[in-house]
Structures are given as structure tokens and as C-alpha cells.
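**Student:** Just passing along the structure, written as C-alpha cells.
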Amino acid sequence: MQTGHPADGVYLGLMSGTSMDGVDGITVRFETGKPPAVLSEAFVGFADTLRDSLFALQQPGDDEIEREALAANALAARYAACCHEMLRAAGLSPDDVRALGVHGQTVRHRPERGYTRQINNAALLAELTRIDVIADFRSRDVAAGGQGAPLVPAFHATMFGSPDETRVVCNLGGISNITILPAARDGRDERNDAVRGHDCGPANALIDAWALRHLKRPFDEGGRFAARGTVDETLLAALLDEPYFRQSAPKSTGRDLFNADWLDAKLAGFRGLAPEDVQATLTALTAASVADEIARHAHDCRAVYVCGGGARNPVLLDALATALAARGLDAPVATTAALGVPPQQVESLAFAWLAYRFNARAPGNVSAVTGAAGERVLGALYPR
């Protein structure tokens, strides 16, 4: 980071991921030469009506523009509620905050066609919070020929790199992604050309969808549904027979590909399987697709640190550890809490950091990760 930059100060970060269950927020102070200091955090859930609208926007249909605009307004209201809760908890006012970095809600991600769409009414959010809002982080990377994802590797390198060992940070959100952090013997540097990362495949997107269908619950709490089942190796092979898994990095994906329709098409020849066996197999799919990418790109990895909602699923973490060992990797699996950052904080903290980088007019992407033509300042400002 730059020395003594005037961008230092208090920032908010908001992230609502592909699970679409709510928004995670964080209040953090960034000061040059010091680790980020978390001042408060909050989670604000989405009502079923908003969640249904967001799911619907991921499918082609009539009147999408109207539905998107209304959903963006509803998101801004929930985001603002999260900000107000965090400010109260931290004892701060809007005037104390330099900026709010907000990811928005991804409803389309098609970088191969030159666009990615995260909905959010950032102007309304600035009005409701009276805080400078920095949003639309992915578009500039896509405009520069990149995937627009993942964007967190630069932050991961800053926070989690080691001078002594190669580490992998694995985000198990709706989609899984990895950041490969080679031993940084010259010190941590988010611009290190050796940092790599990409999306691996589905994680909670399919696991949650199957739990909702068969348990009427939004997720498989503690992985207990999967634990009741047995992995069907034939189905697992069919699920892994997807061109995306063979695609070379840089690459990114989302619910555009890995959704309930994709799963149903794969299940067409497996009608007799018990629901819990399918859930066990979906859990194994996530573990296998992540382990395959780590074995392919980070064979010298010595530790894997997990963040995202999947970090709360011990069955999934055990499956990942088993899959890594089966591929000859001696890499224990832990959550980022072992490195001092609770796993539920990592992504919202990353978007607060990206807002900080924007104010410093410093790059937020790693072009070697996304495939962009170069490093770019990411985001757009909506003044308070």
C-alpha cells in the first residue's frame, strides 16, 4: 500500500452473494502500514419476496427492466438498513465514514459477451445513508477484456500471504473460487504477478437449491442433509463432465450456468436416487472441483483457508480435505479464522478495501487472475 495516503480512514463494505439470503456488512478503519481494524459488522436478511424477485431476474422473462429497477430499490433499502445498524454498533455517524463499497447483486455474468450485471440503486443508497458510495467494481475489468471475477485475490494477497509457504484461499459462496498465494519471500504485495485465482464451479448454489427443494429450507445446515446420504460416483462423474471444469484459467462462472435447470438435466438419468444421496454428491462435486483446481495450479500448496457460507458446513470442509488428500496434496483445511479474519467477514471486508483502493486511485484487480489488459482502478463514485 502507499505510504501516508489521504485515503486512510473509515470505510463500509457490503456484499450480497449468490446465495441471495441477505447482505453482510462491515465497518473497518484502513491506515497505511497497519492491518485493517474492524469496528462493527452486521447481517440483514432479505424477505422472501425480494429473494424471489432476484432469482427471477436470473432467468429470461417479460418486463425484466421494471422488475430489475424495483429489485434494485429494494436492495438499496436493505443495504442502507445494514449500514445504519453497523454505524450504531460502532458509535459512528455518516460523516465519520470515507466511503461505502458495495458489490450489488449479480443477476447476469457473461464476460465473454462483454458485460456483467450487479443490480443496486447506488444513487438511492447514497441518499439513504448520506455516505459516498462506490459501486460497479466489476465492469471496468470486463471492459479491459477481463473476466470481472474473482476480484478478491488482491485483497487476499494483502491479508493472507505468507513468506514461507504457498497458501490457497478458497471462497465457498454460491460459486467456489480460489486464490493461490505463492510464498512471498519479499513481503506481501497485492500486485505480485505470481498471485493467481479463478472460479472453480458450483458450491452453495446447488447445495442450497437442493435443500430448498427437499427440506423447504434455504440451506443444508451443518451439512446434515448431505451427511445422511452416500455419494453416487456415477452421478458425480456425470456432474464433473461439464466443459467448464476443463476450461483453462482465467475463467469465471455463475448461476447463468450452474443452476437448478443444469442440475435437473444432469439428473435425468438418475431418477431413482434418494434426495440425501444427491445432496451428498453435490457436496462431493464442490469438493472435487475445488481440489482438482488446486492440484492443477497449486501442487505445492501447504494450507487451504476457507471463507464464505461453506465455511460453516463441516461436511463440506471434510469432503474438501479428503479430496485434497486423494490428489496427493498435504494441505490441511481450516477457515480464515485461523488467520485472524472470521470467514463471514472476508468478502464484505474485501469490498470495503476496494473502496479504499478507489479513493487512493490504486488498482483493485489482478490482471493475471482476471485476464484483463492490465491493472485498473475499479468502481464508480456516487457522492453523498
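Cβ from N, Cα, C; glycine included.
Feature table excerpt (Swiss-Prot):
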{"type": "BINDING", "residues": "GLY17, THR18, SER19, MET20, ASP21, GLY22, VAL23, ASP24", "note": "ATP binding site"}
**Student:** Counting across all protein chains present, how many other Cβ atoms fall within 10 Å of the Cβ of THR18 (ATP binding site)?
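**Tutor:** Taking every protein chain into account, the count is 23.
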**Student:** Determine which residues of the same chain, besides GLY17, THR18, SER19, MET20, ASP21, GLY22, VAL23, ASP24, have their CB within 8 A of the center of the CB atoms at the recorded ATP site, and list them by sequence.
**Tutor:** MET15, SER16, PHE46, GLY174, GLY309
**Student:** Please work out the number of neighbouring Cβ atoms within 10 Å of the Cβ of ASP21 (ATP binding site), leaving out its own Cβ.
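**Tutor:** For ASP21 (ATP binding site), the 10 Å Cβ neighbour count is 18.
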**Student:** Under DSSP, is GLY17 (ATP binding site) part of a helix or a strand, or is it coil?
**Tutor:** coil
**Student:** Using CB atoms and a 10 A radius, I'd like the single residue among the binding-site residues GLY17, GLY22 with the highest neighbour count.
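**Tutor:** Answer by Cβ density within 10 Å: GLY17.
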**Student:** DSSP three-state call for VAL23 (ATP binding site): helix, strand or coil?
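**Tutor:** Assignment for VAL23 (ATP binding site) reads strand.
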**Student:** In sequence order, which same-chain residues at least six apart have a C-beta under 8 angstroms from ASP24 (ATP binding site)?
**Tutor:** LEU14, MET15, SER16, GLU41, ALA42, PHE43, CYS82, GLN344, GLN345, GLU347, SER348
